[in-house]
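Presented below is the structure to which this report refers.
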Amino acid sequence: MNKNIVIKSMAALAILTSVTGINAAVVEETQQIANAEKNVTQVKDTNIFPYNGVVSFKDATGFVIGKNTIITNKHVSKDYKVGDRITAHPDGDKGNGGIYKIKSISDYPGDEDISVMNIEEQAVERGPKGFNFNENVQALNFAKDAKVDDKIKVIGYPLPAQNSFKQFESTGTIKRIKDNILNFDAYIEPGNSGSPVLNSNNEVIGVVYGGIGKIGSEYNGAVYFTPQIKDFIQKHIEQ
């Protein structure tokens, strides 16, 4: 049977199931089939590297790049202020990760959609005595460079409320690099803004800022970490 027909049939059955309550497992199976089409998998253990280097906002993603320091987008950070909160590598379990207050926000001075945040070291919620940020996460390292056709992965929190703040990983390849812009075909959705783009060594080469939301799109975009951008980030990593 044609694969597309199978997927559509399963989706129709899932809708019926949600109404009748026949079998909730069918819904989950349908979602798994759809994600397989997109090369997307749910992260099973967010407490191991590189997944423990990814953090969640209420509707976006960020990642750890150094002591008490995370990277996201300007269009994400504009909705936050000092004292607001982020959550380290949640996995849908309210006891996992730790919730931390934002201490400072520094936007990149150019047009590139990058913002650096510094975080209070002690969690304000979760853990019997509060998690320590730097003991609870593992910072990502910069890649030296990248080139077209390199394999990449994107880790983040697509549709975070709908997906109960579970972490997902999508895979693909770099399609083009021009100046500070990197285009790739890994599938992304709303909520992936601020996600790290990693190479096969789990080194970060850029930060996602937007995409088409279509399977196979080659125009999903990230800010490519040039030497100038890396220098800006390094200057804002807490010492």
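From the backbone N, Cα and C atoms, a Cβ is placed for every residue, glycine too.
Features reported for this protein in Swiss-Prot:
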- HIS75: active site, charge relay system (ACT_SITE)
- ASP113: active site, charge relay system (ACT_SITE)
- SER193: active site, charge relay system (ACT_SITE)
- 1-36: signal peptide (SIGNAL)
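Highest local Cβ density among the active-site residues HIS75, ASP113 belongs to ASP113, counted as other Cβ atoms within 10 Å over all protein chains shown.
If you take the Cα of SER193 (active site, charge relay system) and the Cα of ASP113 (active site, charge relay system), they are about 10 angstrom apart, rounded to a whole number. Rounded to a whole value, the Cα-Cα separation of ASP113 (active site, charge relay system) and HIS75 (active site, charge relay system) is 7 Å.
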